[in-house]
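Asks: Structure in structure tokens, see below.
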Amino acid sequence: MELEFFKPPLYQQRYQFVKSYVDTYKPKKVADLGCSTCSLLHTLRFWDCIKVLVGLDIDEDVLSRKKFTLTPLPAHYLEPRNTSLTINLYQGSVTQKDPALLGFDLITCIELIEHLEAEELENFREVLFGFMAPITVIISTPNAEFNILFPKCTGFRHPDHKFEWNRREFQSWATEVAKCFNYTVEITGVGEPPRDSKNVGFCSQIAVFTRNYTESEESLQRKMECKSVYKTVLHIVYPSLQEEKYLRRAVQKVALFHAYQIKANFLQQFIHREEEEEPHNTDTEHRPCMDLKLTSRWPTLPQTEQDESMEPFLQEDTLYVPLKKIFSVPKVKELCGNMDNLRTMITGEATLSNDGNAILYHIDLENSC
């Protein structure tokens, strides 16, 4: 149930709150409890900082229907992520302990707690803050004081809600949880009320819990001995440049593209120079075409000091494109790290000189001169 004046829609504002947190703090392991249709997970998979993304929900049918929205697209294979990403979907209850959700940087519970019975809520806080104990927890829940602005709302906003708290009740619960489990909590929200109803507060109230301690390895190891109870609905590893086959493919794509650019530019300048010299040379059929150096200016390559060893050159009918020239491309350097890696990754896809320091291209001098 949402009012028309929420722009963007309230659910998007809740997701944006989480995304802003991710932008700021760069968590590597993120889980969404009560993930339902996986909409938040679908959005977060595009953040390079996240390496592990987990969704947990009690409804296996919904997870099975929506899991395909989290599988890699063709674009993910064409342009792999810089960092690894593993996505897991589990069917299970938020009141159950399972080692699969240990060691997380951020766990979100968006509009979840109001669906829990009182006993479940008590177990939930023990499982989340005592067992899972992530560095940060973001919990959102409806603000009951806002309901007077919903004309058709005579009870709770959703038939499955077991309760809806006002601001005082939510703050009291959050403060008690923070004190009990050694967290700091800040209360905020999304969904601004109309100007004439500011006194009701946000439509969705949000608590951000931050852990005040560092969990020991011994504590984690003890928890890891807990029996697994969640059912895996999806396990997928996204293609990334951390895998050699994807890194090699990316290096070849970038490096050989620039090598081909250098070759094309060389021939263009070569032909242009020949055409300029033609009126002044009566013996055009026997002009030497050897040892021509390229002095080009590349918009896509960095402008560095002149270095003879980096310049392409012709030797008989072979064009030599030094690997130093290719390695000077920022993206190539970023991907490879050093010249040896560049040489290794293009071997087999390009013809290299005997010393392995240049890419070779056969040039048809008869048609070029």
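Using N, Cα and C of the backbone, Cβ positions are placed for all residues, glycine too.
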Asks: If Swiss-Prot says Glu111, Glu114, His115 bind Mg(2+), which of His76, His161 does it name for the same site?
Replies: His161
Asks: Looking at Swiss-Prot, Ser39, Asp57 are annotated for S-adenosyl-L-methionine. Which of Ser84, Ser93, Ser140 sits in that same site?
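Replies: So the S-adenosyl-L-methionine site in Swiss-Prot includes Ser39, Asp57 plus, from the candidates Ser84, Ser93, Ser140, Ser93.
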Asks: Determine, using Cα-Cα distances only, which of these binding-site residues is closest to Ser39 (S-adenosyl-L-methionine binding site): Glu111, His115, His161.
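Replies: Of the binding-site residues Glu111, His115, His161, Glu111 has its Cα closest to that of Ser39 (S-adenosyl-L-methionine binding site).
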Asks: In whole Å, note down how far the CA of Glu114 (Mg(2+) binding site) lies from the CA of Asp57 (S-adenosyl-L-methionine binding site).
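Replies: Pair distance, Cα basis, whole Å: 15 Å.
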Asks: Which residues does His115 (Mg(2+) binding site) neighbour through Cβ under 8 Å, counting only same-chain ones at least six apart?
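Replies: In sequence order, Gly34, Asp160, His161, Lys162 meet the Cβ cut-off.
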Asks: For His161 (Mg(2+) binding site), what is the tally of other C-beta atoms lying within 10 angstroms of its C-beta?
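Replies: A 10 Å sphere around the Cβ of His161 (Mg(2+) binding site) contains 17 other Cβ atoms.
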Asks: How would DSSP class Asp57 (S-adenosyl-L-methionine binding site) in three states?
Replies: strand
